[in-house]
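**Q** Handing you this structure, nothing more for now.
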Amino acid sequence: MFWSTTTSLFSALVLQSAQAAPAPLSTKQLKTSDKVLTLKRTGVKAGSSKALLSNHAVTATTPLVAVENGGGYAVDVDLGSDTFTLIFDTGSSDLWVASEGVQCVNPKGRHVATAKCGFGPLWSGNFEEGKVAGENFNISYGDGEFLVGTLGYEDVSVAGITVKHQEIASVTEGYWAGDGVVSGILGFAYSSLTAAYTGNNPANDNPETNNIHYENWIDNAVDENKIDPLFSVAIERGANGGGGQVALGGLPTINFDHHDFASTPLEIHSFTPRHPLEASNFTYYTIQPDGWVIGGESISTNFRAIVDTGTTLAYLPPKYAVAINAAFDPPAVFNQDAGIFEAKCGATPPDVAITIGGKAFQISAAELLLPKAQGLDPSTHLCVRALISSFLCNSPADVMFEQVTGIQAAAGPPAILGDTFLKNVVAVFDVGASEMRFAPHVNY
C-alpha cells in the first residue's frame, strides 16, 4: 500500500516558522592538514545510524574511497604491519576487524559459510601488544547486523599517525552484509559509546550492568598530542562513485572557501535513557539544526540530529520528511509496506536547504533523488533498483527495492544527517571546542 504525501503539512510548518538567530562563529583559526586519508566508497554501510592540546600538535590527512553506489565510505588503516580497508564511521566508536576463522551467521543466528558475510581480508594477528582478559566485544547496528569477539592491543596507524597499544576488537562471530573489500569499522564517535563488556559470554552482556569503556583511536591520538583535537570530512560525489577526504587535526586539501564556515554547539543528549553515560557525556556528534528551506519557504525546527558518515541518507522527524517529499514534482509517495519514500523516474526534486548556525546549506538534487535507476516496478511504475541479499534471496527476481529519495522519516529519535547532507558541506568535528563547523562544498 502507498500513502501519498500532501502539501497541507508543509503549509502549516511554514506558518509556524521563524528565522533563527545566527550562532556566533568560533574565533579559532583552522589550518589545512598534512595528514589526510582518502575516503573510498564501499558497498557496505556502517549501519549506525556517538581537553585542548598544546600548539605542538601536528596535522594529518587521509583519503576516503567509494566502492559502490549506495554504500558507506572507507579508509585504509594499518594494524601492525598489515593494511585493512575499514568503514569510516562517526556514528560508532570501536575499531574492529574480522579475524581469521570468523564464524558467519544469518539474521536468525544460524551458522552459514563465511563467504556469506562478505568480509574483506581477514586479520591473522594475535594482539601483539597483549589481550584484554575478562572482557568481550559485542556490538549491534541499526540495520540488524551484530558482531562479537575479543579485545586486545595493537599498534594502529591512520594517515601515518601511530597510536601504540591501542585497544581494538577482533570479531570472531557475526551477521554482516559485506562487499568482500571492507574488513571492519573505524569508529570516530566519542569513547563513551565503545562496546566492551566484562565477562567472556556475550549472552550475558547488558548496557546497564556490564558495559565498560576504553579510549578509542581518535581520543588517544588527541590525548597523546599527535593531532589537534579536531578532524574534518569532505565527501564527494562523482562519475567514479565519489570519495573524498578525512583530515586529521585540520582541514582537507580540497578546494573550498575557508572563510565561509558556520558553527553550532555539540550537545550532550540521552537518546537511550537506559544507557547511563549518555546523560552526562558526549556520545554522538549531536547538533540542533535551526530549520529547513523548502522551495524558498523557511521552516524552523526543534529536533536534535546526529552527524553520521556511516548513514547514507538523511532521516528526519516524520513531519519534516513528509513536507520535503511532498515538494517533489510529482510528489514522492510513501511505500507503507517498505517504510520508505520513493519517487517516479524523472521526478524533479525541490530546492531544499538545511539551516545550521544561521546559514543555509543547499542539498543538491543529486542527493535528493538517488541515481542509477534500473527500470520500473510494474506494480507501482516507480523507479527501482535490484538489491540482492545473499541471506534472503536465491535470484535477482526474488526482491526489488524501490529507488528511494534522499530524505526519509526517522522511526524515532535521533534524527540522522547522513551522506545526503554531508556531500554538500565540509564538516569539521571540533571536539576541542565542542562544536561542529560547516562550510559549503558545492560545484565539484
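Yeah, the Cβs are placed from backbone N, Cα and C, and that goes for glycine too.
Pulled these features from TrEMBL for this protein:
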- 1-20: signal peptide (SIGNAL)
- 73-439: domain 'Peptidase A1' (DOMAIN)
- D89: active site (ACT_SITE)
- D308: active site (ACT_SITE)
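Are these features on the surface or tucked inside, and what are their neighbours?
**A** Averaged across the domain 'Peptidase A1' (73-439), pLDDT for the predicted model comes to 87.
Counting every protein chain shown, 28 other Cβ atoms lie within 10 Å of the Cβ of D89 (active site).
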**Q** Rounded to the nearest Å, what's the C-alpha distance separating D308 (active site) and D89 (active site)? Just drop the number here, would you?
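**A** One finds 7 Å between the Cα atoms of these residues.
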